[in-house]
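For reference, the structure discussed in these notes is given below.
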């Protein structure tokens, strides 16, 4: 039997405090730089060496915490006493690290009251580095080990550690940044005090103004956003329902083709639709040109503004609503409809009195999903918005524009956050009541009732033209990559691709990636490839903890996790630059901040696919492993993971693909060194260089389609190979 | 499998709360080493929770738990010397039978070759020699059950736990498997805690039975004690068919109570009860049809007689209510509506507090 000792973790903490350089190294870490003892330069030294040789007294509490935890980490002794040492050591260590990090910044004391208390400090410190990070997480694990030893989490160190790391990451990378943003609202401005500045920012006609009701002026961005999100959600839900009904309730021969539509939003960079619409309805778009040539009409630039953004969002999000509603329509038990028909109801009455009411909560859910997507959307409004501002674009311009007004960005972000959270809470309530949409899992016998004639005609007449239009928009968008100047010079050309992806043979014979897009493409792929396994790993771990473990605060953890997913990307982007631009975590401009952003933005994908797969897996399988002396980690590695392979692959693929197409948060975080593909494209769009932007989008789409196709092929063949072994995956209650 | 006797399990005030819900009220229980003890009760009575607390899959919120004298209250499942056979067997579908059985040994750090050798031996113990290379899905339900038992046995646990192990088998297989489990337990001297809701299964395999109801122990004892001397109507009816009729204790002398059941008077062990009203529990097989002139009988009308092949089931209407009785086949000549007189075989009659 293994001894449950925390010595290994304690050693990690000791390594982080005594040996590794505490702070971030400007020029990167070298192998010799790893030893922070005896360093001349205080910044390159370990915490211990800084305290001893450089008189940085604020590291003594951290070192003291390490000493406190030691008796608890030794393998012998009374469990209660050991757990007390671990818990107190861990808590003290975390508190000491956080306190010293927040108290002392680049200009000495971070807060005036500290200066008053301790006098001027003629020292300063930069962002935390390897040593600090290792020490921080080691203290978290010492704390959770102590709690497990005390009997929390059923005494399971792995579970308590996993929960501890999850909680710490949520606090660090969501709660802290969001709170920082919110606190920015209260910074004084000019000669205004805290309250006055806050009031001035909040009561802003640019946010809340209603002038558009009476005059020909723009309303406040809040109303713009609300109007846009409401109309988009309504339209996309109606369209999505039409598609869902056609796919599940009619014999339409191209059903499979329609289902492919659901893949589109995943692989489409967020502004492809916008570009396609510009190429059709823009000033030099196809429709405008024809109208002018044939009828002599000047259609003008109506596409830039509400109409354009609305159209683009409906195109973009209808597939999302479709995807949600397929599940809803398929979830309605056919027996209900058959019962209704045997009770002498007509098809129409069955549809209106049984089918539709059963779908209502699902429809509400789809509506809210689209509402939130529209709210958080950045790509479409930035391309097509013109003077029609919404919250996400206003935040962007408040930060990057000439004004550089972080206070204003914070207020806008807070408004957006509140709207998103309200939608999220309503959605939870709605989905909670959905349980009566039969999810029994028992094979419901019976055939779904065919749609009433009138409904069928309606669905087809709405959905089919829209599907055709979607294809046209995509086709136009793609075609734009192959003509010289859309609308003026229709000469077919590959020059856009050449500018972006030119390859040359260097004089020495090596290949030179001389195209302008290579750099951002490689960076994107590289960072997405780093983020994907991390996302999948944390996501599955969270899913496992949430579905398989019962502990105090589980619901709270689940809620916190879901809540972080509801924070719009733009808010996260602003929050990250505000929070991580200064010590103690100074990671703006690094690749790390981008990876962290990807991970926490895409975590829901990992969690959701993990939860779905985990609920298919008999819980007693992992319990059996644990009673068979397997450590929890071994149980996961040898039993849960092998049975979850398809879910892992899904999580990997989707987090990779989404990392490549995301724009809202990363646009704030890119730097010259780490430029992302989407940001590169959007800058080309803003400069009017549509050809190159579209060419790049085309390459991205093809790249991602091939990744998804390849993975689907692999997963598909795997499932075939496992067929013989598959049935016992659900032995519960089954008689083999 | 060298150990002669399994370890004692001692529960001191063990209880489990989920928020406001009391899944198991704090209770004391000692399970002697080398015995098979059944936790029996209707669904939701807390028996499975109790078993999972012994396994370490649930953490007790009250009390302390000792296995073999060692306090394991706070130990996780893997560090207690117990194994469990799950209701669904929980065989790992992606591993061969041999890998399944060897899993626990490899987990505890044994070399894979040794583990496989030991697993082979365990498979032989349960009569599955040579099935090691198969996947669990390629075996029948009964065979899967044996693999699950072998997988738990091979670790030579101090305590072996069974969570309704036979509920997925058909009736005939269930009968033979329970005999196998009992034989194995006695041969190896194992301590076994066995959860079931089937009283005949409990009667067949147990040294002791713990009947649970509403998150607490209703009665614990040997199968015979529980059947012949139930402490409450609940235990009596749960341990088999029983009639409950109102009676009156008229006097108590020297441990014997004179009880009036309608117009009939019988002498029964008093079980500490005082004169006054009491419940009388009568097993169906204790009811006899008596000759018309016999003393101390109860007049009754046959309201239903059902021929069941091996025996006949009667429903009698009497002055103390309906009585359900089982009679040997030859009694089937009594017709519905016939007037009879009933007597009691006192072996199957017991007094319980009202």
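Keep in mind that glycine also has a Cβ here, set from the backbone N, Cα and C atoms.
Record features (TrEMBL):
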- A:57-74: transmembrane segment (TRANSMEM)
- A:86-106: transmembrane segment (TRANSMEM)
- A:126-146: transmembrane segment (TRANSMEM)
- A:158-179: transmembrane segment (TRANSMEM)
- A:222-427: domain 'ABC transmembrane type-1' (DOMAIN)
- A:226-248: transmembrane segment (TRANSMEM)
- A:260-282: transmembrane segment (TRANSMEM)
- A:302-329: transmembrane segment (TRANSMEM)
- A:382-402: transmembrane segment (TRANSMEM)
- A:409-430: transmembrane segment (TRANSMEM)
- A:500-519: transmembrane segment (TRANSMEM)
- A:521-711: domain 'ABC transmembrane type-1' (DOMAIN)
- A:525-547: transmembrane segment (TRANSMEM)
- A:585-604: transmembrane segment (TRANSMEM)
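Outside the transmembrane segment (A:126-146) by six or more residues, the chain places 6, 9-10, 12-13, 15-17, 19-25, 29, 34, 36, 43, 46-47, 62, 65, 69, 72-73, 82-91, 93-94, 97, 101, 106, 153, 157, 160-161, 163-165, 168, 582-587 with a CB less than 8 A from a CB of the stretch. Counted as Cβ pairs under 8 Å, contacts with the transmembrane segment (A:302-329) are highest for A:226-248 among A:86-106, A:158-179, A:226-248, A:409-430. For the transmembrane segment (A:525-547), the list of distant contacts is 159, 162-163, 166, 169, 554, 557-558, 561, 591, 594-595, 598-599, 602-611, 613-615, 636, 640, 644, 647-648, 651-653, 655-657, 659-660, 674, 676: same-chain residues at least six beyond its ends, Cβ to Cβ under 8 Å. Within the same chain, residues 24, 101, 126-128, 169, 172-174, 523, 527-528, 530-531, 534-535, 538-539, 542, 561, 564-565, 569, 572-573, 576-577, 579, 654-655, 658-659, 662, 665-666, 669-671, 673-674, 676 sit at least 6 positions outside the transmembrane segment (A:585-604) and bring their C-beta atoms closer than 8 Å to a C-beta of that stretch. Taking pairs at least six residues apart, the transmembrane segment (A:409-430) and the transmembrane segment (A:500-519) share fewer than three Cβ pairs below 8 Å and do not count as touching. For the transmembrane segment (A:260-282), the partner stretch with the highest count of Cβ pairs under 8 angstroms, out of A:86-106, A:158-179, A:382-402, is A:382-402. Away from its own ends, the transmembrane segment (A:57-74) comes close to residues 5-7, 9-10, 13-14, 17-18, 22, 47-48, 50-51, 81-90, 92-93, 95-97, 99-100, 103-104, 135, 139, 142, 145-146, 149 of its chain (Cβ-Cβ under 8 Å, at least six residues beyond either end). Non-local neighbours of the transmembrane segment (A:500-519) in the same chain are 675, 677, 680, 692, 695-696, 699; each lies 6+ residues outside the stretch with a CB under 8 Å from one of its CB atoms.
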